[in-house]
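This report refers to the structure that appears directly beneath it.
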């Protein structure tokens, strides 16, 4: 049989600090009983201090772990479990998060010596039997959550039987969720626009004092490594900035690090004017017919009859060329009008 003795002790009122409760285990030589002493240490503001609030509405919660009532500051609560087993597995007394160390102790009644100690997670042995009563994990992950227990054999003069401790549930809390990379104002910016990449995640409120460092990557190439800023600026986007981006958030010791899913950035090129938007070229006006040479220019005043005949033939040929040029100008004008966009659509229809 074990008995629990609770004592309330007060320290010097002028010593300052917050009250705290602690437990002291006393293991006397008697096999039949042991005792547990609880001490409350801290300043006492009044002579009539109390650990209970008379009215629930007077209680002010400052966090998940401590509270105030009627101006009194209370210590953080803890759970006390009294066991009558031969073996107990002692785990952490506070919340454990990703990246924390985990220490488990297999404790025997009256601290009797043990041999062939084995630690288990669920039903799987974590190590071969040995004399060590302690098992530790330097850096825990969420996969380390589960039910743990231990077993061992008490050393005695005769052969001892193996004893097994009751299982203890260990929960590894998430330090921060995997980040999400977002682009502002858009993941499809126009050329010349400014783009901001934001690596979004948040620490657990119980570990808000921790600090995260952020890294950014594009197409397997690093852009920014381990910066305290969760943002990356692209002042002037161009086509070369198109690609797959992702970010990484990690603790300063890199015990915990997580990557975001990839984000596709597609920079839109500026649109150039198409052929339909090009202003039509006005067709040239009708060329004036060339002036016909006069007989005076060709030497019509010559008295040679053969030369006069040749001049007549040349004038006739020039008249024929003039007519052909006139037809050519008319056809060019019709062709230019036909090539206009509006006329083309009408003709197609």
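Cβ atoms here come from the backbone N, Cα and C positions, even for glycine.
Taken from TrEMBL, the feature region 'Disordered' applies to 1-62 (among others).
Positions annotated as domain 'Ig-like' by TrEMBL: 77-166 (among others).
Marked as domain 'Ig-like' by TrEMBL: 177-264 (among others).
The region 'Disordered' annotation in TrEMBL covers 270-303 (among others).
Per TrEMBL, compositional bias 'Pro residues' is recorded for 280-293.
For the domain 'Ig-like' (77-166), the DSSP-based tally of helix, strand and coil residues reads 6 helix, 40 strand, 44 coil. Counting residues per DSSP class in helix, strand and coil order gives 6 helix, 44 strand, 38 coil for the domain 'Ig-like' (177-264).
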